[in-house]
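Heads up, the thing below is written out as structure tokens.
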DNA sequence: TTAGGGTTAG
């Protein structure tokens, strides 16, 4: 007897397809399902709003028959269209995926890299055992798409099923975690990988090296490199470049050089960015000359530096005050058709300010504006500091006004530069106005906001006011620097209170803060002048272990004072002077 | 002709 095919979604009880029969044999049923599925595939591919028409087109067809959806999945190349059909079926009551169609839909979504949708299918049907291989593929897709956390979740599920993921899957997760700079995930996954007994390969090592570099642990990365090189393999360019960058930042140029040689030997491509980081690193740790040599070698080898590279090099040369060489590069880049931008202008303007050639800096500024560049906060800061440095505080203040009028927002550096310039110029009251404005703007003062005031107040013998500022500074959570404390010691000597100065010195030494030699000398001199020889001797004794010498003039002055007052001390003092000479 | 990377006080 022919099986009865149930009718769902039957709105029109009259079958409209001649080939459909309710009492057909299983073989005929399958043929019918295949035929309808084929037609439905075509409809959902070509008609945008098929949802409204499907039932009326196939009024007597049972769409809920799982064989139908399976057939669609088999015939339909586009899993997204299948998914839309699935969503439609699901919106009708009574439809549910069976294990076969679920697996099929999931697999085809994974194959199309539809990671998020595949994951939602996975999560929606926890009762079906998805193929571990597909789950591994899904982990790879998720990681590629930046969903590392979701992938970690799947590792857990595979683990609970007793499945051991392959190294390819682990590596995909490491790649995703490194891309997101989530080294916490890298290290926890790596721990799990080792627990599973999966052995790392060269690709894994590359990711682990990158993770070390992200953690500012280039040495750890180097150790890993050393270990895998024992097996005769070298990680990829990205890992090596990261290591080079890490060591450049740390100023470890013997390591950088070793890695560069390794890259050349092993035919890794050295791009302009690698060299850029090296030159930048060299300049940052003060080895500008070396950076300049690398820069010239690169040009000789046919590399064409770009604007950023030129900016870095001009910046380095300006720091050394090698302005002629900097200007040479400036002309060269322009001749090569690389116009300077606000970064490049800024470094050269700063360079001219440093060598006190403000007019040249202002000429560059005009050129920059003529070229249509709008000054930003950094540009203004550079100019304001440059003008202040050249004692042109009035112009600096005018520039500050211009800045506010142009809608460029000043930052704490702007205020600090003005405060510094004004205080150095003796205009403490005007500096105070800017300090108050800094606070009114809601900016947080830094050590540099206070230092110029403390410095000047101490120089003027107004140490008590400087001390009040120091207290205010600490109340705001700003830590006084050694220099601030040195100023206080100097100021107390100027005020004729060297004993108070000694207390400050003693506190500094207790905190392992070593003042400069001239601070000790100033204090000793002041104590000697006040005939406080015992105290002077104490300061001498605290100075010697630090490695400072007393100096001929002060030694003689001390000896003669002692000889004229208390000869018992002469022997001891001489002993100290001898020790002092030995130290030097 | 993927983008990436570079500037300011002390």
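Note that Cβ sites are derived from N, Cα and C of the backbone, with glycine treated the same way.
A TrEMBL annotation is a machine prediction, not a hand-curated record.
Per TrEMBL, the feature repeat 'PPR' maps to A:131-165 (among others). Secondary structure by DSSP for the repeat 'PPR' (A:131-165): 26 helix, 0 strand, 9 coil.
The repeat 'PPR' annotation in TrEMBL covers A:166-200 (among others). The list of residues near the repeat 'PPR' (A:166-200) in space but at least 6 beyond its ends in sequence, with Cβ under 8 angstroms from a Cβ of it, reads 136, 139-140, 142-144, 146-149, 151-152, 155, 159, 207-208, 210-211, 214-215.
Sequence-distant contacts of the repeat 'PPR' (A:201-235) (same chain, six or more residues past either end, CB-CB distance under 8 Å): 167, 170-171, 174-175, 177-178, 181, 183, 186-187, 190, 193, 242-243, 245-247, 249-250, 252, 255, 262, 266, 268. Under the heading repeat 'PPR', TrEMBL lists A:201-235 (among others).
Annotated repeat 'PPR' per TrEMBL: A:271-305 (among others), in sequence order. With a threshold of 8 Å between CB atoms, the same-chain residues lying at least 6 positions outside the repeat 'PPR' (A:271-305) that come near it are 241, 244-245, 247-249, 251, 253, 256, 260, 312-313, 315-317, 319-320, 322, 325, 333, 336.
Annotated repeat 'PPR' per TrEMBL: A:306-340 (among others), in sequence order. Panel annotation: around the repeat 'PPR' (A:306-340), residues 272, 275-276, 279-280, 282-283, 288-289, 291-292, 295, 347-348, 350-352, 354-355, 357, 371 of the same chain, lying at least six beyond its termini, place a Cβ under 8 Å from a Cβ of the stretch.
TrEMBL lists A:341-375 (among others) with the feature repeat 'PPR'. According to DSSP, the repeat 'PPR' (A:341-375) comprises 26 helix, 0 strand, 9 coil.
Break the repeat 'PPR' (A:376-410) down by DSSP state and the numbers are 26 helix, 0 strand, 9 coil. Per TrEMBL, repeat 'PPR' is recorded for A:376-410 (among others).
Sequence-distant contacts of the repeat 'PPR' (A:411-445) (same chain, six or more residues past either end, CB-CB distance under 8 Å): 377, 380-381, 384-385, 387-389, 391, 393, 396-397, 400, 403, 451-453, 455-457, 473, 476, 478. Taken from TrEMBL, the feature repeat 'PPR' applies to A:411-445 (among others).
The repeat 'PPR' feature in TrEMBL is assigned to A:446-480 (among others). Tertiary proximity for the repeat 'PPR' (A:446-480) is limited to same-chain residues at least six positions away from its ends with a CB under 8 Å from its CB atoms, namely 412, 415-416, 419-420, 422-424, 426, 428, 431-432, 435, 438, 487-488, 490-492, 494-495, 497.
Across the range of the repeat 'PPR' (A:166-200), the DSSP-based residue counts are 27 helix, 0 strand, 8 coil. Secondary structure by DSSP for the repeat 'PPR' (A:411-445): 26 helix, 0 strand, 9 coil.
In this model, the repeat 'PPR' (A:201-235) carries an average pLDDT of 91.
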